[in-house]
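Peer 1: Copied straight from TrEMBL:
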ACT_SITE  Glu102  active site, proton acceptor
BINDING   Thr25, Gly26, Ser27, Thr28, Asp80, Gly81, Ala82, Asp83, Lys93, Gly94, Gly95, Gly96, Lys120  substrate binding site
Amino acid sequence: MEPKKLAGEKAVDYIENNMVIGLGTGSTVYWTIRHLALRVKAGLHIKAIPTSMSTARLAEQLGIPLASFTEIDRLDLTIDGADEVSPDLNLIKGGGGALLREKIVAYASERLIIVADSSKQVASLGKFPLPVEITPFGWENTCKQVMLLGCESLTLREKDERPFVTDNGNYIADCKFGRIDSPDLLEKSLNAIPGVVENGLFVNMADQVIIGTEKGTNIVEK
């Protein structure tokens, strides 16, 4: 069975009746959502807050009841993917463009479980370009300020030869910093730049990582 499918489905084992769940975005969480829908159909009662419009559409199609922060203050558990996972469970996320909503939902959750395959495990963060969500207004100057933090190269993400626009109406700059030895410091420095909305460093947020392999799943905890 595909490693992503194994990891995504395994995470559903941690969902209990009457929980409020955060549903992440991406190719591994896709399997979580599909498997969760089967549990809901079999009688599991949950409410879910999606981290993207694409996740919301999939969940609705599969019959998973959705909620919003209008009615929910805290979530019991969020299940999401990652682009990189370090040994201390710090993450780079945002390859799918949903990093802002993903961080909002994760921050409001009692627990964050990450699902991924072994290709996402790294000795240190930084090989995958760090997504930084920025406002369209003044984006050129914002990118110049990001470069001053030691960014080696920066690319404004595009789709169909136009700037990629997030669900929140913002742009994303994909930034190559090389090896990131102090993700906590870089996260704060980036977010201090006017025009930066959020960045894809998730520091000290993940509680558990489920890694899918060809033979099954491995669980990594703090």
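Placement of Cβ uses the backbone N, Cα and C atoms for every residue, glycine included.
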Peer 1: Cβ within 8 Å of the substrate site centroid (Thr25, Gly26, Ser27, Thr28, Asp80, Gly81, Ala82, Asp83, Lys93, Gly94, Gly95, Gly96, Lys120 excluded): which residues?
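Peer 2: Surrounding the site, in chain order, are Gly24, Val29, Ala116.
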Peer 1: Might you list, by sequence position, any residue in that chain lying six or more from Asp80 (substrate binding site) with a Cβ less than 8 Å away from its Cβ?
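Peer 2: Sequence-distant Cβ neighbours: Gly22, Leu23, Gly24, Thr25, Gly26, Val29, Thr51, Lys93, Glu102, Val105, Ala106, Leu112, Ile113, Ile114, Val115.
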Peer 1: Let me make sure I understand the span of the substrate site: among Thr25, Gly26, Ser27, Thr28, Asp80, Gly81, Ala82, Asp83, Lys93, Gly94, Gly95, Gly96, Lys120, what is the greatest distance between any two Cα atoms, in Å?
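Peer 2: This binding site's residues have a maximal Cα-Cα distance of 15 Å.
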Peer 1: Among the binding-site residues Lys93, Lys120, which residue has its Cβ surrounded by the fewest other Cβ atoms within 10 Å?
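Peer 2: The binding-site residues Lys93, Lys120 were compared, and Lys120 has the fewest Cβ atoms within 10 Å.
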Peer 1: Can you tell which of Ser27, Gly95 has the most other C-beta atoms within 10 Å, given these are the binding-site residues?
Peer 2: Gly95
Peer 1: Specify the secondary structure state of Lys120 (substrate binding site) as given by DSSP, simplified to three classes.
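Peer 2: Lys120 (substrate binding site) sits in a helix per DSSP.
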Peer 1: What three-state class does DSSP give the residue listed as 'active site, proton acceptor'?
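Peer 2: Once the DSSP labels are grouped into three classes, the residue listed as 'active site, proton acceptor' ends up as helix.
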